[in-house]
Every structure is written in structure tokens, then in C-alpha cells.
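Asks: Quick one: the structure is below, and I'll ask about it shortly.
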Amino acid sequence: MPNVDDIRIFHGSANPSLAENVAKELNTTIGNALISRFSDGEIRFEIEENVRGRDIYLIQSTGHPTNEHVMELILMGDAFRRASAASITAVVPYFGYARQDRRVRSSRVPISAKVVADMMQKVGFSRLITVDLHADQIQGFFYMPVDNIYASITALEEYRLLDKLETPMIVSPDVGGVVRARAIAKRLNDSDLAIIDKRRPAPNQAEVMNVIGNVQNRHCVIVDDIVDTAGTLCHAASALKEKGALTVSSYCTHPVLSGNAVKNIMDSDIDELIVTDTIPLHEEAAKCRKITQISLSRLIAETISRINQKESVSSMFLD
């Protein structure tokens, strides 16, 4: 990848290893900055180099602890604006609060994704780069440009999962994920598609009801954007095995893996879970033999390079 001289890469505390790998792909280094905490827990951030007139790319996922990482992002953005950076691009591989993107019927709740978008714009971010945004329409909450990287296809192609399977079938874990699953199936050798029809009786609980499609003697690959408690995946895997699937693998971009997720995965019919490094794996997940993590550093670096060189980003994902 060509050297990009006029940009600077910085990061918060959410995912420094990903930021370092992105910088290496761009043949550059991480900018000098201090991020720490005051004695009362408030965030302290200071830029330790001249960034006047520079194009800043600030890499910061907003996963657990979500509120801490969101606040870091906001304060860092304000610091770069006050330091007269020419542009400030927020590179947020995992966009926290994305699942709170609408009011459900008459619920008296905030639209939290919109609140985060408003804060980012208020402090002066110029652009957002994110990965497999939970809902594409969240881009409409922003007045600034948003580049949503579609990582699923690239990640599965690089891992060559489908090449290892003789009769693969892409599976959507719910009706809402059909568009994503269909796009992946089309790009990956026009693989067949199955759908899990499920009902969710309570938050963070999923009950599989029906499998739409013949999965008998097939190697199934469930694709989703987020794996949180893993309830959806585990129920889906059981349903697929009951219908005669030979193996069940899964690809999920964002490994939130909260609560008993790792235990649920180990005790389930899932043979392998492939995730990316948009969120660092905690210790239990990193040791889990069923979980494989692949890096998106090259894809993110390519996106940054294209933006910097004023080249198309969308062409990376077109047939």
C-alpha cells in the first residue's frame, strides 16, 4: 500500500492493536497523544504533536465499556478541532448504540444512535468510517459523509471458509438479516440461502421457530453483524442440526460476546465462529477453541488510503 504522508493516525483506548496494524498497512506510525484518567475518573486527552492542517484519522470502536469509549471519542474529536486539524475522520469499526436506532411503536425511549451522531457532529468530525453498520439507515442520522465498510464478504473470502466446504449454504439468523445474507451468498459463488424464522420473547433472548430452506446434508454458514449473548446463533445452530445440517459455522463481524456468550458457544452445536478485530477479544473468548478472529486492518487501511487519494470506496464492494 502506498505511503500516505499527509495523514496522521491516532487512537483511543478501545482498540490500540487494530490502530497499530492499520498504521503499519499505511506505512506510517501512530501519532503522539496522551490518554489517561484523572483521579476522579474523568478522561484526560492531550495531543503531543503539531496537527495544524493535517488530515486526522481517529480509530476508536465504541464497544464495552461503551460509555467510556464514546466519551473518549467525543473529547478527542474536540481536541483535534481546537488544534486546527484540516479534517477529522472518526474511524469507528464497531459503532456502539447502533441497535438503538428507532422508537419501538409508542415506547418512551431515546433514539440513542441519533444522539451519538449529533454529539460527533457537534464536536467537529468531518467524516465517519464504520464497519458493517447494524442498520444502513443510521447513515441518515449524519450530515457528514459516512463510509460503511462491508466487511463480511471480504473477511469470508480471505478466510476461504467456503472453499473448505463441499456443499456450503449461507444462512440468515433472522428475517431482518436476509438482505445481508443474500448479498454474501451472491458474491460467494452464488451459494444457496436459508433463513431462520425466529421470535424473540424478551430482550437478549431468541427462540428459533422454523428453518426456511432445505439444509439436509449441507455445510451451513450463519452470517450476522453482531454476536452478543450468542443466543440467536446457538438456537439457530441447533435448529439447523435438527434439520440435518452436517456442520454449522458462523461469521459475525463484531464480537461483543457479553455475559455467558463464550460458554453458550462452547455448549452449542456451532462448530466454528469467525469474528473480526473490530472489538478486541476478552481473555475467555481468546482462549475459546471454537472462536477464530481475523483482522480487518488491511481493509480499513485501504479505505483510508482511498479517501485520502480521493478514490472511490464503494467500488471495493461492487461486483
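Every residue, even glycine, has its Cβ placed from backbone N, Cα and C.
In case it helps, Swiss-Prot gives these features for our protein:
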- K198: active site (ACT_SITE)
- D40, G41, E42, R99, Q100: ATP binding site (BINDING)
- H134: Mg(2+) 1 binding site (BINDING)
- D174: Mg(2+) 2 binding site (BINDING)
- R200, D224, D228, T229, A230, G231, T232: D-ribose 5-phosphate binding site (BINDING)
Asks: Between the binding-site residues G41, G231, whose Cβ has more other Cβ atoms within 10 Å than any of the rest?
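Replies: That would be G231, with the highest Cβ count within 10 Å.
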Asks: Using a 10 Å cut-off between Cα atoms, which of these recorded positions sit near D224 (D-ribose 5-phosphate binding site): D40, G41, D174, K198?
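Replies: Taking D40, G41, D174, K198 one by one, the ones whose Cα falls within 10 Å of D224 (D-ribose 5-phosphate binding site) are D174.
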Asks: On the three-state reduction of DSSP, what should I expect for T232 (D-ribose 5-phosphate binding site)?
Replies: helix
Asks: Give the maximum pairwise CA distance in Å, whole number, for the residues D40, G41, E42, R99, Q100 listed as binding ATP.
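Replies: The span, Cα to Cα at its widest, is 31 Å.
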Asks: Expressed to the nearest Å, what is the distance separating T232 (D-ribose 5-phosphate binding site) and D174 (Mg(2+) 2 binding site) at their Cα atoms?
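Replies: Pair distance, Cα basis, whole Å: 9 Å.
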Asks: Could you work out which of the binding-site residues (D40, E42, D224) has its C-beta surrounded by the smallest number of other C-beta atoms within 10 A?
Replies: D40
Asks: Far apart in sequence but close in space: which same-chain residues, 6 or more away, have a Cβ under 8 Å from Q100 (ATP binding site)?
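Replies: In sequence order, the residues whose Cβ lies under 8 Å from that of Q100 (ATP binding site) (at least 6 apart) are V109, P110, I111, S112, A113.
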Asks: Using DSSP with the three-state reduction, classify K198 (active site) as helix, strand or coil.
Replies: strand
Asks: Going by a 10 angstroms cut-off between Cβ atoms, which of the binding-site residues T229, T232 has the sparsest surroundings?
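Replies: Fewest other Cβ atoms within 10 Å, among the binding-site residues T229, T232, is found for T229.
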Asks: Hey, what's the Cβ neighbour count for A230 (D-ribose 5-phosphate binding site) at 10 Å?
Replies: 28
Asks: Find the one among the recorded positions D40, K198, D228, G231 whose C-alpha lies closest to that of the residue listed as 'Mg(2+) 1 binding site'.
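Replies: If we rank D40, K198, D228, G231 by Cα distance to the residue listed as 'Mg(2+) 1 binding site', first place goes to D228.
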Asks: Out of the binding-site residues D40, G41, E42, R99, give me the one sitting nearest to T229 (D-ribose 5-phosphate binding site) by CA distance.
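Replies: It is R99, whose Cα lies nearest.
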Asks: Applying a 10 Å Cβ distance cut-off over all chains shown, what neighbour count does H134 (Mg(2+) 1 binding site) have?
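Replies: A count of 22.
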